[in-house]
Amino acid sequence: MRNASMQGHELSAAWCTYLFMMELLASIHCYFWSPSRTICLWMSLVLLLQYSKTVVSKSDYLIGLGSYDITGPAADVNMMGYANAEQIASGIHFRLRARSFIVAEPQGKRVVFVNLDACMASQLVTIKVIERLKARYGELYTEQNVAISGIHTHAGPGGYLQYVVYLITSLGFVRQSFDVLVDGIEKSIIQAHENLRPGSIFVNKGELLDASVNRSPSAYLNNPASERRKHKYDVDKEMTLLKFVDDQWGPVGSFNWFATHGTSMSRTNSLISGDNKGAAARFMEDWFEKNGIKSSDTNESGSDGLPRRVSNIIPNIHDDNNKLLELATSFRSSPGSPATQTMSVARRVRGALKQAEKPGFVSAFCQTNCGDVSPNVLGAFCTDTGLPCDFNHSTCGGKNELCYGRGPGYPDEFESTRIIGERQFRKAVDLFEKASEQLKGEVDYRHTYIDFSQLEVTLTKVGGGSEVVKTCPAAMGFAFAAGTTDGPGAFDFKQGDDQGNPFWRLVRDVLKTPDKKQVDCQHPKPILLDTGEMKQPYDWAPSVLPIQILRIGQFVILSVPGEFTTMSGRRLRNAVKTVLTRSGNGEFGSNTHVVIAGLTNTYSQYVATLEEYQVQRYEGASTLYGPHTLSAYIQEFQKLATALIKGQPVEAGMPPPDLLQKQISLLTPVIMDSTPAGKNFGDVSSDVPANSTFKRGSTVTVVFWSSCPRNDLLTEGTFALVEMLQGKDTWTPMYDDDDFCLRFKWSRPSKLSPQSKATIEWIIPSSSSPGVYRIRHFGASKGLMGSIRHFTGSSSAFVVA
């Protein structure tokens, strides 16, 4: 199937050729027939020069970016990441998105990279996205050249992976979580494809020192001292950024990779959130839409340093507080009323920011080797004493449940999320503005499937020679259940446990007793769950994993299906870079950039070094395929890199199973919604005080009678809206539920109650203009017969001074 964008460029070339011939004929006619031959000849030369500029682009690539809403069910669904059964979604902090870029050579290959505001990629999601892309584009986009990566937020709805161990706390498969991801990824790629135009890509990198710490330093210290001395820090502090510049429109996006966990939001948070990386992306996209590349223009920024919204800088005609109060009192809360399905989409703020012809700016903050990296930079402390946790086991008085990492906004997790997000955002802006190294060279890729449950790995011995070892079927150690300082586990598990516990061994054996071969293979990990050999009702853990290399000139992305620790990531990057730069063909030199894209295409937990594995902290206990997992990855990625530089194909490998038809869901559906007698959906239950004036920095709270958000996810819409009065009767959207300052909280009086309320909280930014405001709610109710009816309601007006 031919690429539609490519056809457009071929037509443009044909049209230019036609113009060239016409101008050439005109020149000949001019020379022979015009008395002013010299003038005519010069005019022809000018036209020919213009022709040459048209057909010879300064760019090596076609680039296209896209973005789409992937916010899942904001009620009843367990969140993915902490494995905390009590962490159930009940609202939205800000929305989640899939952000994509496509880079293509005009007459050659292309690659796709998708960054998800999700905990991780899912094998099943990847399979279904590729199926849709093949149905639409043929073999243009396949598993070979498409990478789908997660930012590792622990505040997104779960239930979208296909293996049992990742579905236990979500009560099985959640079709709504799965569908919104597949739909959103596909639509973001379609956008990127349709936006393909000639453009350039620039790369830049720099250190960000205050957004990450190592949460397992005792394990890191078990790595060889000679290796540790090569590195200044015990985590990777470097951010690497790509800047995408359209030949006509200028900068259209940026993607960067930086290692820090998506755990600024705690294990008790119940609001859907992109955590620190999602926040950084929101800040940077808003910054660019207001400031373009002139970030030094402080007139467009609030005193808090964060970018203003477009609607925030609308000239305000009201400056007399008494007049504002008089205006506000004339707008009382409106009763709930029917609304169209698209009304919330039409009213959302960012939908109005895009120009009709120009694609919106897309900024993604991608994940890399974050395995042992925490955003809780103040360190880990005991909640009972306030003292630092035990260094080796992260316990307090022998109990791991009391040891928690503290973010920079402690004890406010929202503030910690904002601060770590803002630090990444500011560094990205700095790199973006200074990016000058242009990517040049081929676009290429290699991909294969590897069975990591029984892979032979050849190791070089220290004294010379080699030995062959093997990976193991997946298994999780006792320390896995201890959790981390970002989110500790329960019971009497602890990190650094290489012995296990007799009681929990008995519990384990009810499910599956590992045989001696597996115990020996995984040693010194004491096996808590032998997931790789548990097959009922279907596979508990993956065995076959995808690995992939994407190349754009001198920039190389290693797509890995897990969380590499700091040192694991360094070893893998160095091994691949060595293969590339020592190839002798001159394609890769000292300016070769290699980044790891973590949690990509599927998920298989952690990858620790052999030395870290011996310590059996959380990351080692979660390294599924045994002590030689990292060596296996290095071996197989070296093969891909060798094939890449030699232009050789690689074996596709046996693909993983598609387990969609085997999925089980125990999540109860929404039966119906109702309101008390005399109340409508969208009616205000608790309004702002009459004649109220709020100062910037204060919080406005309004409560509405509502319905379950699972009835309609309002994709690319909003459940909450802040509107500002312009003139005497025109309400302009100012903030929606994709804003960091606006929170949509949903609740019901009891688990089985059909009644529910929506609490909308607006923390008024310091950059907000004085004026008259109101808060509005959108939703969709479900009738007893299954019919869905959309509604809206608004609060009384109030003044912001």
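Placement of Cβ uses the backbone N, Cα and C atoms for every residue, glycine included.
As annotated by TrEMBL, active site, nucleophile applies to Ser374.
The Cβ of His152 (Zn(2+) binding site) lies under 8 Å from the Cβ of Gly81, Cys119, Met120, His261, Gly262, Asp275, Lys277, Gln367, Cys370, Glu563, Gly598, Leu599, each of these being in the same chain and 6 or more residues away along the sequence. Under the heading Zn(2+) binding site, TrEMBL lists His152, His261, Glu563, Tyr606.
Per TrEMBL, the feature domain 'Neutral/alkaline non-lysosomal ceramidase N-terminal' maps to 61-635.
Annotated domain 'Neutral/alkaline non-lysosomal ceramidase C-terminal' per TrEMBL: 637-800, in sequence order.
Per TrEMBL, transmembrane segment is recorded for 12-34.
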Rounded distance in angstrom between the Cα atoms of Tyr606 (Zn(2+) binding site) and Ser374 (active site, nucleophile):
14
With the Zn(2+) site defined by His152, His261, Glu563, Tyr606, which remaining residues of that chain have Cβ atoms positioned within 8 Å of the Cβ centroid?
Gln367, Cys370, Gly371, Val373, Gly562, Gly598, Leu599
Around the Cβ of Glu563 (Zn(2+) binding site), the count of other Cβ atoms that are within 10 Å:
29
